[in-house]
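Record features, source Swiss-Prot:
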ACT_SITE  Cys23  active site
BINDING   Lys26, Ser54, Arg55, Asp56, Asp74, Asp97, Gly145, His146, Ser147  ATP binding site
SITE      Lys26  site 'Important for catalytic activity'
BINDING   Asp57, Asp97, Asp233  Mg(2+) binding site
Amino acid sequence: MSDSPVTLPESIKLTEYSHGAGCGCKISPKVLSTILASQLPVFTDPNLLVGNQSRDDAAVYKLNDDIGIISTTDFFMPIVDDPFTFGRIAATNAISDIYAMGGTPIMAIAILGWPINKLPAEVAQQVVDGGRQACMEAGIMLAGGHSIDAPEPIFGLAVTGQIALTDLKQNDTAKAGDRLYLTKPIGIGILTTAQKQKKLQDEDSHIAVNAMCQLNTIGTTIAKISGVNALTDVTGFGLAGHLLEMCQGTKLTAKLKFDAVPLLPRALDYLALGCVPGGTHRNYDSYGEHLPELSEHQKAILCDPQTSGGLLVAVSAEAEAELIALLDAHHIAPICIGSLETPTTEANVVLY
């Protein structure tokens, strides 16, 4: 099957129809906190194992003593011009939340907003087909969905998954001494901004796309390692933002080896050209007070919003070799980017 079954007129470029792109469209963490601060009485359900208290990747509901159901949704505006590829990336990103909990996806439904007076329905059909392709790669059906007439194109999924409760991983359960590993390089926001600014060279157009279309299926297997204490995916809040969620949920400090953070090819070249997404600045404004003093270069990398980014893994020293062997077997460079320690400073993240 071709990744682009219908040829688009040269005049149609999806990124020109939206003010934001991918997970860079996310509302900043600080504003989101205001939105989620409900004034209603607290309602609890003992079977809801994971809700929004820890800003985890998905909700988990206990069906019985052995099995839980995972529920998540994610959608955004175009991050690439090709509609099929946009749909595939958006779906891959949404499904990732299931893997980030250690689960297995079982079905998805589509969420589509479309400016029907600006873009042909045939273009939307290609977007949905891209979503179907990602679902097929994940082994699930795109079982339905909902659409509205919207001023800008939006696409994503609501995904349902299941998990053996013994394998459930959360973002706030790390332990002091855990090593930190990242399964995909950073730099997607930089490269996609280069495209939006029309600075991206044709020979580099595949770099971010290939990374964003890579499913995080390895999360299901990582979760079976008993020494993996916490797991999350790195998306719109950037590496620093999602690492902070892990630290604040466990009251630990992350010692981050900045020079060890893996970067996508050419990311530094485009960063030098000023390709910094607006989401980077929003991220830093939201949580910069919890970080050490950073250079502009460090901010641009650590706060770079990722779309369909990799998994951030916190693993005990005793299980580190098992994780490394698994990453090697899946052709993922096993690079330790730091560790989690008992706090010795007010900052949640320190660099060395």
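Yeah, the Cβs are placed from backbone N, Cα and C, and that goes for glycine too.
Distribution of Swiss-Prot features across the structure.
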residue : record           : contacts (Cβ under 8 Å, 6+ apart)
Asp74   : ATP binding site : Ala90, Asn93, Ala94, Asp97, Gly156, Leu157
Gly145  : ATP binding site : Ile109, Ala110, Ile111, Leu112, Val128
Ser147  : ATP binding site : Ala110, Leu112, Gly113, Trp114, Ala124
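Counting every protein chain shown, 25 other Cβ atoms lie within 10 Å of the Cβ of Asp233 (Mg(2+) binding site).
Of all the Cβ atoms in the protein chains shown, 27 others lie within 10 Å of the Cβ of Asp97 (Mg(2+) binding site).
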